[in-house]
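Noted in Swiss-Prot for the protein shown:
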- 1-21: region 'Disordered' (REGION)
- 15: phosphothreonine (MOD_RES)
- 21-54: repeat 'TPR 1' (REPEAT)
- 58-91: repeat 'TPR 2' (REPEAT)
- 70: N6-acetyllysine (MOD_RES)
- 92-125: repeat 'TPR 3' (REPEAT)
- 483: N6-acetyllysine (MOD_RES)
């Protein structure tokens, strides 16, 4: 059978003017045989235009497909063959021709289906069989090729750089695949070695947001934890080019560039992490140089005109993360000193820029706060007075340069810069305030008729009132001015700031009930106005933030706290504001919540010391009656009902430098207060509090981490850890809990950590291994000797659960230690709960390690009395544990069994074996059966 041509008719010349379908078909066949494929195609097309039967139509379409194959027009060949198959599904010629067309089009998976159908219709046709074998081989080769990373990379770049694929789903999928491929080390290396960085540079130059995002995210995979690739990437793209992407208007692109630069910083500072990456392909002589070039470009970006406000904020965020030392124990702060010398003035320029009216530098509502945080981090990273003095000198010189000889605009810029310093390194800010004429200018500008001048001056006055000394000065000189502004100004933005100034001065006494700056009731009036502005949706978020600032100060007063938590609308507005992009409000929100929950540190003063202070006429702070525990508990419940946990979870998720270590500490304090009562913990877990506490416990100040870890411990004790911390998150809880075992933590924190670890150790072997890896066992053993009975008991219970691990069993089995002796002795203590824990540990160990059974008689001469006491206990659990230990000892050695049977133990076991079908009865009976098996005792006549 021939399948390559349309047919084999008798050759005869074409008849001009022939009109019948049959005649035209035969003419087409003749032309096809003569190699005139165009003429044949025309004849078949003409025949189709006549009144052809469905069968004739199928043949004609099939023949047209053969012509298109010869003419190498494979798309049309596939179309014609498909039309023939629609007319006759069993047409093997049409199926074969379509398979040929599909093969040429590269659609091998579809071609093989048609060939398989041909073979099923004509199993003995060798042409079909051979074609199927050939195409099968092609498919295997294509699979091998397509599975190789090189092919993937080449294919994806072809799609991404193809101008005709603009905006297609194919292009989007290729960009996603490229990003995923770069996350694997092998994929990242292939992309890098296939000139991937140069190709990615072309994507960046195209300017399309989606392509730029794909390119930046792919570069993240290439540079992640790899120094040499990072340096090579910076060399190819240009450090300036990479940094400049931060300044684009697109927020998504700017954030992606920020992430890339963060990865580059980490790679340059840390190098390759062993175990995660292979050997580097190049040797880096001095990565510190590349690091400085990168930081230098970031500093230049801060003051570059045309950079977006979001880009400037991202640059500040990168500097905050990259420059200061991670730990003050690291002696090298040279990078900080270099940044102060090279870029302090540039940072101050951002801090002194005004958002409204816009100046030369575009800034956001968060820019000044980010600059303040960076300045604070740099100042805290200094080691000696000489370094701090240099910092002060540079700041003062910069402020003087604007304050002197620059007119009113210069004075405004200088005062704004002072405000930035007061929010960050306040020591530098206070010194700047003492410069000649600065404070006087602040007071004078408060009375200005220009709104922007008043805003700058009033904000500076508010920040200056932070210190008690400064507050006293302002109370004497500026209160009347602030009151006039509050009462007379027509601008809400001025009034609300003046109100915050009054709030701050009114709270200068803190929680001390006896120290009030204003008359009785004044703070309540101020708080009421703050709540009113907070709830006003017509006012912009930036202005409403100041209302929260005011409440953060006023909530030191317990009367204000009580009214605030009763105001559901104000709480709702507060929580909504914390979720907005106005991130600078986070610290004020957290401060207000700390005050409402009384979660700051408070130690009850010694009554004798109080009397002594009164006798010496020293001031003694007094607690407000409404700050007593009953009032605090009521406020906590109202906050929980208002949805405080959900708001705090959103705050913790914030990726912003505004979420400082101090802010995280405040949130940790509030969480700890929220979980104090057992009945409230379910609400906290249900609203996501458990997962929010983990990052708080792993990062922040030491106090904040400890508070968050303690809150985690409380949740782990009273709720199912697998439900509270689902999936892999449960393993992240272990480290914070172990940190509470350190000696610098309180006894309560030690106790709660031990109880929480006990629960975790009872869940799975993987969790026990995690506890062992965190080196918790030596600390737990130490607490087993603690004098406090509850801590000693909790440590013993924890060790009992850990004893299920092979490594812990090895510790007990090792020679030359008293671990086993301690458990035996604790099994004889009067504390029933301690007895139960120790006996449980003994039962576990003797079951898992029979060799320990022979050592029990050696650790103490009172071992037999202790075991007998366990079996004679009125507590079923103690009896059962004791019976299991005895059974393990009997089964371990005939010699030990003989010693036990020669004592009163046999009588005790005999009595217990006659009980009901309880676990104790079964264990006692098993002991006696084993003794009978050894021939140590004889069964009685009843066979018992």
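Any Cβ shown, glycine's included, is placed from N, Cα and C.
A gap of 95 Å separates the Cα atoms of residue 70 (N6-acetyllysine) and residue 483 (N6-acetyllysine). Using a 10 Å Cβ-Cβ cutoff, residue 483 (N6-acetyllysine) registers 14 neighbours. For the repeat 'TPR 3' (92-125), the number of residues in each DSSP class (helix H, G, I; strand E, B; coil) is 27 helix, 0 strand, 7 coil. When DSSP labels each residue, the repeat 'TPR 1' (21-54) comes out as 26 helix, 0 strand, 8 coil, counted as helix, strand and coil in that order. Counted within 10 Å of its Cβ, the other Cβ atoms near residue 70 (N6-acetyllysine) come to 16, all protein chains included.
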